[in-house]
Structures are given as C-alpha cells and as structure tokens.
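The block underneath contains the structure these notes are about, expressed in structure tokens.
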Amino acid sequence: LKERHVNMISFSACIGFGLFLNTGKVIYLAGPGMALVAVTLGCSMMWSVIGCLGEMTALFPVPGPLFEFPGRFIDAAVGYATGWMTWSAWIVILAAEIQAVAQLWRFRFDPEYLKSVGYPDEQLGWSTENYSPAVWVFLFLILVLLVNLLPVRQYGQLEYIFGVIKLTFISFLIVFNVVLSAMQRVHHSNHFWTWNAPWGFSSKGMVVHPTSSDPTSPDAMVMGDAGHFLSLWTAICTCVFSFVGFECLAETPENKDLEQYETIKIATKKLSIRISILYILGTFVGGLNVPYDDPNLINIQINAVRAGQNSVFVLAAVRNRLRVFPSVFNGFFIFAATTSGINALYTSSRLLHALASIPEAWPLWFQNHRRRLERVTDAGVPLGTICVSWCFGLMAFLAIKPFPSVILGRMTNNAVISELICYTMICLSYTQFYHKIKTAAGDHTLENRGSFNRDDKQYPYRTHGQLFRAWYGFFFCSLLIIFNNWRAFVPPFSSPDFIASYIGVLVFLAIIAAYHVRSDGWNPLKWRRNASMQIHRPPPKVVVPGRRRGHLEFPNPKMPVWQEENAKALVAFIWGWLK
C-alpha cells in the first residue's frame, strides 16, 4: 500500500453513519451554534491524539503501534490490554456499521410530518421497510468478507476509490445545503433563521431521559446554564464516535513506505485537516436548514441511532420540498456505512494479526492457534484473523430485536469507550516518550544522540506544543470515559446503558491484572512495571538508508524472567508431547 491508500483507508474509516446520522443528534442536543463548539472540541481531541501517534510512529516505525507504544513506555500489560480493547472496539464497530445498514433500509417518513412541512407527495419511503433486517445483515456481512479477501493491493485501490467518492459526495452535500439556505425555497426571515428566536444559538435545555411521555416539557429538562453545559458535553460524547478510525494511518502493516517518515507526516496532516474541515462545515450547514426541534430529530433518542429519515441532510431536502434527493442521500448513507464496515473488518483483522505476532499476549494453551493466526496467504491476506474478526460481526443480527436503534446506540457507546481507552494510553505513552528522548538527546555517551533531538532538522516529525497536546488529550479522553453516560446515574437507573458504557473500563483493568498475576503472582504489591524499552539503554543504532535517515532500530530487549519461564514451559510441553 502507498501513502495515498493508507490516507484514504483512514479517511474512509471516519466517514460512516456517524457523520450522516449523528450530526442531527448533535444539533438536537446542543443547538446549531453549540453543535459547532462540540464538534470543534471533538476535533481538538483527535488533533492531539493523532499528533502523539504520528510523531512516535515516524521515529519508531513498528507494527501494532496502538499497543506497542503503551507496552514500551508504560507497561507491557497495559500495552497488551490496550491491544485487546482496540480490537474489541473494531469488531463492535463492524457489527454496528452492518446493523446501521439494516436500519437505513427502513426508510419511511410519517405522512403527517410530510403534510406539516408542505412536501408535494403524501408518501416518502422505500418498499424495503417491511423486509426482515436479518436479510440485509446477512447479505452485507458476506459482501464485507469478500472484499477483505481480495489481495492487499487491490483492496487498497478499492479503498482509495471509496474514499474519493465519499470526499466528493460530502463536498457536494455541503454546497447543496449552502445553496438551499441561499435560495430560501421556503421563505424565512433570514438565512440564519434556525439560529434566531424561537430557536437560538443553543438548545433550551438538556433532556435527560427522552423516552418519557413528553420529553420537551420543562419537568423533563435541565434548564439554564447547567442545561447548556450538559447539552454541550453530551453532544461532544456523541460526535466522538464519528472520529473513530483516524488511528488507522499508523495501523496499516502493508504500508510499504512506513519507514519513510514523510508518509506518516503527510498522512497525519492531511487526515487532521480533512476530517476537521468536513465535520465542522457539515455540522454548520446542517443547522442552517433544519431547526433543532424538528420532530424527526427529537425522535432520535440519545442512546439510539435510527434510519435516514432522522438525518439532518435528508430533512433539509424534505423541508425544502425536493423530490429524489432524500432517496439518493439515504442510498449513499448505505454505501458509506458498508464501506466503513469493510474498513472495520480490515482494521480489526490487522490488529489481531499484530497481536498474534506477540506470544506473551496469549495464554500458553492458545499458542498453537496463535501461530495459525500469524499465517498469511500468497497475496498477503491474513485469512485466519479476517475470519475470526468477521465471526464477531454476527452480532449485527441483534438488528432483529424489538428496539434495534437502542441496541445500535449501546454498541456505539461501548466501542467509543474502548477507543477512548486506547487514545488515553497513546497520549500517556507520548508523555513518557517525550521525556525519554529528551534524556537520550543529552546523554553524551551516545554517538547518535542527535537523532533524539527534537530541534534537529533530521528529526522525522514534530509539532509545536505536542507535550501540552498530549496532556490535553489524556485528560480530555479520561473525562469522556468517566462521564460519557452520566445520564445512567440519573433516576430511573438504566442497567443496560450503564453496562454498555462502563464495562469496557472494568475489562481493561481486568486484563492488566491478569497479565500481572501471570507474571508476578496474586499479590498486587509485588507487581512490577515491565516497560519493554529504555530509550538510552541499550544504545540504539541509527539507520541511514537514503530518505530513512533519522530512523532508529532497537535490539530486542532481554527476555523478562516470566517470559523465559513461559518459553521453557512451552518447550517442555512440546517435547513431552513429541515423546
């Protein structure tokens, strides 16, 4: 894969149903003006994390950087736990994208709503709304699997085409909404009518439990400054799911230019700019034509994701009494969710393949199966990890449950928490990385200490104020993890929502504890910090082959005692079995 393939794979991962369906939810929660603030803050989180990941990957081009860096700079157990949490997030995203596809086929507007906005037709929808969701889940799961079985280069070309189509369509969508606002097909007082009374820059308050009989009543809302803050915070938590996937630029093992730091440098900048501009402009133009109290936006429960009739972009076309466009938009949303599902299977399979290359990340009894997962076909396709990850995509058959939109919302919440844990660990890893290379740059016993100097011209990639951005990303992601679903604590208590939002934190801590118990015993006081890299000892060697100058290779660290014991036990087991 070339740089353009990797860039578009990462871009395509960020453009799924999150942008097209969640934008309306963000506007409903916060209002058109505060929605822009929420999306901008979400972009700042992405900007901080991707800067940390980009700089570390440019200096140390290693496979599996999402869990390799926490393992090197924080603790080996933390690295393994981060890897498993990230993989679990992507298999949930795969199921969520396929389930969203099944939801999008149920495209139908309420006739009373069409009459209230003056739509020229009495009916607007697809005849597929009565089909079983299991049909669409089955068909699109097969499609996702077949695309991922293609040779890597062909897959990269397809992803590039998908990314270009998405980029073109989103640009058209932004221009389309600007033109609608300028034409004033339905006359309003001014072009910013949704920002003025009786609506406004922000919503009136925060609806804590929108499933109540009258969610717009003052008794069901938190009003005033507290309501505005809670609305903004909930909107930020909602839009974070849309940004998930930007880390794919460092998680592509088939990137043949990975060791050329220009690849990571260019991809990081391109992706940050593209995602930020498109999401901010998309949110802005979406709020120009649809008020935040539109009935189809109110119907979007906070913990639910529904079909195309709840998209702010489809509603803009309907409220301006345009035919054809609503169906075309909904069809493209299906395409976007499908391609994001394809991308989710690719990312999850590569993460699992990277984990399979680390024996210590697996229990002893699973080592034979782990070695099978390492295998790839002649075309470079890790068939085993693709099939294993795809099997977890069968969770998408939850779409046949009575309330699939609520289940989909809970799945996305769970995936967001797992990804936020990964982002938190990446930012914390960078803080350790920064101080270690600073120490190494001042160590006069190293011949190549200049390679660690961030002020040196040959340093691969750096950004200004990155240490501050790392701490900012760490605390921001930590707060998002803790208060992501604060509504679960407000009576009436919702056990399913609480479990979906916070079970990931407990699983992460349990995995870390399990690794330490295996290596250090049950007493937590005797657990050791097993960081697998010390920057200035042993001395690294600088690789200077042409444009790769400044890259560093480290010899394998000495095998820890517990790993050596496990290896001996494994050898003894194999020898006994052979005898």
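Here the Cβ of each residue, glycine as well, is placed from N, Cα and C on the backbone.
Given the structure is predicted, the values throughout are model-derived calculations rather than measurements.
Look at TrEMBL and you will find 5-523 tagged as domain 'Amino acid permease/ SLC12A'. The annotation transmembrane segment is assigned in TrEMBL to 7-28, 73-96, 134-152, 164-183, 230-250, 271-290, 328-346, 379-400, 412-431, 467-486, 498-517.
The transmembrane segment (412-431) is not in contact with the transmembrane segment (328-346), judged by fewer than 3 CB-CB distances under 8 Å for residue pairs 6 or more apart in sequence. If you look at the transmembrane segment (73-96), the same-chain residues 6 or more away from its ends with a CB under 8 A from one of its CBs are 64, 66-67, 144, 244, 340-341, 344-345, 347-348, 351-352, 354-355, 358, 360-361, 389-390, 392-396, 398, 408, 411-412, 414-416, 418-419, 421-422, 425, 428-429, 432-433, 436, 504, 507-508, 511-512, 515-516, 519, 529-533, 560. Sequence-remote contacts of a segment are chain residues at least 6 beyond its ends whose Cβ falls under 8 Å from one of its Cβ atoms, and for the transmembrane segment (271-290) they are 7, 10-11, 14-15, 19, 23-24, 26-27, 31-33, 35-36, 39-40, 42-43, 46-47, 50, 167, 170-171, 173-174, 177-178, 180-181, 191-192, 194-195, 239, 242-243, 246, 249, 297, 312-313, 315-316, 319-320.
Distant neighbours of the transmembrane segment (467-486): 44-45, 47-49, 51-52, 230, 233-234, 236-237, 240, 303, 413, 416-417, 420-421, 423-424, 426-428, 430-431, 434, 497-498, 500-502, 505; these residues of the same chain sit at least 6 beyond its ends, with a Cβ under 8 Å from one of its Cβ atoms.
Residues 6-7, 9-10, 12-14, 16, 18-19, 22-23, 25-26, 29-31, 34-35, 37-39, 41-43, 45-46, 49-50, 53-54, 57, 65-66, 89, 93, 202-203, 205-206, 222, 264, 267-268, 271-272, 275, 279, 302, 340, 343, 347, 412, 415-416, 419-420, 422-423, 426, 480, 483-487 of the same chain, all 6+ positions outside the transmembrane segment (230-250), place their C-beta atoms under 8 angstroms from a C-beta of that stretch.
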